[in-house]
Amino acid sequence: MTDIVLDIRNVSKRFGDNLANDDISLSLGKGEIAALLGENGAGKTTLMSILFGHYVPDTGSVSVMGQTLPPGKPRAAIRAGVGMVHQHFSLAPNLTVLENVMTGTESLWSFGSNVSAGRKKLIEISQRFGLKVDPDARLGDLSVGEQQRVEILKALYNDARILVLDEPTAVLTKLEAETLFSTLKDMARQGLSLIFISHKLDEVMATADRIVVLRGGRQVAERKVGDTSKAELAELMVGRKVTRPVREASTPGEVVLEAAGITVRSGGVDRLKAIDFRLRAGEVLGIIGVSGNGQAVLAQLLSGTIGRSAGDLVLFGKGGGDLTVADAVSSGIGRIPEDRNRDGAIGEMAIWENAVLERLPEFSKGGLVDRKAGIAFATRIIEGFDVRGGSPTSRIRLLSGGNMQKLILGRNLIEHPKILLAAQPARGLDEGAVAAVHERILEARKAGTAVLLISEDLDEVMALADRIQAIVGGRLSPSVNAEDVDAQRLGLMMAGEWEGATDAV
Amino acid sequence: MRFERREHRSTLLVIATPILAVIAALAIAGLLIAAAGAPVFEAYWKILTSAFGSRLSATETLTRASPLILTGLAAAVAFRARLWNIGGEGQFYLGAIAAAAASAHLFAGLPSLLQIPLLFVVGAFAGMVLLLIPLWLRLRFSVDEVVTTLLLNFVALLFVSMLIDGVLKDPAAFGWPQSEAVDAAARLPKMLARSRLHIGLGIAVVIAFLIYFVQTRTVFGVQSRAAGLNPSGAVFAGVPLGRTLVIVAMISGGLAGLAGTIEVLGVKGYVTTDLSPGYGYSGIVVAMLANLNPLGVVLAALFTATMFVGADGMSRSMGIPTYIADVTVALSLLSMLVAVFFTQYRIRR
């Protein structure tokens, strides 16, 4: 390795009873990409917050280019050339790109703002690293991928030599993620050093030179990319062997849900355009597509939160008017929302209240909530679905993402629904939790539940679905059998190439 | 120094918080009393004795607390569902004038047992209407109700002022702008003879328990809490958002209107433009002090009334400005907000 630019030595940090970082050491060379791999709660973000001066470590030190940084001083870290790209961007949507980038770089006491120099520098950086943006665009008008580019440019504008990216792909589509990786590699070639935090094995293997694995606050391994494999990393990260479950062959039953020519129009735009699909008992139908192509509207339609403008929705052989949430729940449709924090849970309410909120009629008598029955119901879910980290009366916000998702799965699956609508069920979960969620979905399929799986994750859809349809610009392709397609064909379908295809049976 | 969210809140902390906040506020107010040149501990003692030292003062404090409980509940119910009803003052006056007019013209001569409940309904209804207008604007056009409810206070007060100087003016009041007196049968029975204390206090306390029960035990209570905490999560769970907010607005506006009704029927018997020394606005403070808990509202209203009556007496007997009451109540609100923050966050070095 060449010269060391960053040296983290024996850092420990304790929060109450929780040892978030236990004696971790990490060094980074010039032009190197290191990945910090670990499950949620392994201590990755804590370590980076210490590096960036957000937290003061209990013991240990951080030095950049041989100089020890004073603890707890983000400004010193920035000045030493450390740049941070947060998972949740620290940008102002009402300002332009240039204004966002220049914020904090000029003294508050100077009268004028040297905009033209700033613009020149921004354009120069953006050309050098191939990060194309319009300096005068309003940030709020940009896509998430472009906003992230601005966040990176902001760090580079501050002359960062070391760039830390916290779960950079969590908010990106697959295509945007690939662009990002090639940019990162290009930056490393130009002499920048990068650390990126992730729990996704594929991207770590594809991008990093060196991988440091954290588990439970401790550094469990350090590997060169060439010397390891996804299987080994997964085991190191989780601490035991994890295998994603595999779908067994089955024969589907009768059609339980059929959409014929459904159009949903809102804000003057057709969000769904005359879509057709049929869902049969005991099968998983995968709807795949790049985000923003109508998946969210499809999920809302079947969840009962929006109505349709045209077409027929036939549920268990019966048509009818708009599906409401109450109809959906009472007729046995389990619903897993795309965004569990926004739609799936009321963070400040108790776990049991979250468990029964959508089925209050069942858990109340004469308008009074049956608290005892609700708590018993939540206890059954917690036990049956291995939800850890909370009791029925504690607030649901205290659960980790994986455990919250298990609770949401549980409240839907415990009563054996006839249909399960799962929108991005494994998004943002770590490897262990993904396997658990997949297992539950396949179990439900085996028990005869018809599953509609909406996902952007090719691997997930290929592993779980019997049939697959692609959604592009609000249109739905004919279905194909999962056995008959490969990733390449699915990629073409996601790009809208399905001319001449007919429904598979 | 930085703040970290607490994972668990102990019951002890939740109970101790408002008490500590009040102590802190009194301590800071003590500095001001000392600055005004009065002995601090004697002044504290005077506040207490002026508010509760005699039968007269104690009943006066309780009389003051009654409308504060109701306007406090009005704010607490609305805020819980994230409906920012700042219009309690306007709803209070509209409730008062509606009840006074109905008693003088519509229901005059009806027996108390029939007339008083009818007037409660009329007053509450008037308050409801005044809040449903801004709610409709919010649901239909996304107009911020903080602005509309606040501004409607002035509209309502000027409207009342117009009525009591016009069609509802009392001809026997020597030209003073005041409404005709309510029917004698509409006056609320006293809780204690030879005092101003009327049964409004009992009604307010019963309503506080009722609201507590509704919020914690009923389907509507759980749904309105969900709607306030996370609207999109509530919609996903099938909570009818619009309908829930309409019901919340009806309860909130109704309570503020009822507060005005009870005040006019219980204390004065007619409406003037100084019927309320800002009960609608103080209700917001009371609700915040109580951390939006309906039972806490009763205690917070008692505290606020104690401070107002007590500081009044103290300033008279010790010759320091009455503003000390306003300042102390304001300080306790500020320290309460800080204290509530610390029940949710802890300090880390």
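Numbering starts at 1 and runs along the chain as displayed.
Each Cβ is built from the backbone N, Cα and C atoms, and glycine gets one as well.
Now, the feature entries from TrEMBL:
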- B:12-41: transmembrane segment (TRANSMEM)
- B:91-110: transmembrane segment (TRANSMEM)
- B:116-137: transmembrane segment (TRANSMEM)
- B:149-168: transmembrane segment (TRANSMEM)
- B:197-214: transmembrane segment (TRANSMEM)
- B:235-259: transmembrane segment (TRANSMEM)
- B:279-311: transmembrane segment (TRANSMEM)
- B:323-345: transmembrane segment (TRANSMEM)
Residues of the same chain, at least six outside the transmembrane segment (B:279-311), with any C-beta under 8 angstroms of its C-beta? 14, 17-18, 21-22, 46-52, 57, 60-62, 64-65, 67-77, 79-80, 86-93, 153, 204-205, 208-209, 211-212, 215, 256, 259, 263, 322, 324-325, 328-330, 332-333, 336-337, 340
By a Cβ-Cβ criterion of under 8 Å, what residues six or more beyond either terminus of the transmembrane segment (B:197-214) are in contact with it? 59-60, 62-63, 65-67, 69-70, 73, 76-77, 188-191, 220-221, 251, 255, 258, 262-263, 265-267, 293-295, 297-298
Is the transmembrane segment (B:149-168) in contact with the transmembrane segment (B:91-110), using at least 3 Cβ pairs under 8 Å (sequence separation of 6 or more) as the test? yes
So which residues does the transmembrane segment (B:323-345) touch in its own chain, when a touch means Cβ under 8 Å and the partner is 6 or more beyond its ends? 3-6, 9, 13-14, 17-18, 20-22, 24-26, 28-29, 32-33, 36, 282, 285, 288-289, 291, 303-304, 307-308, 310-312, 314-315
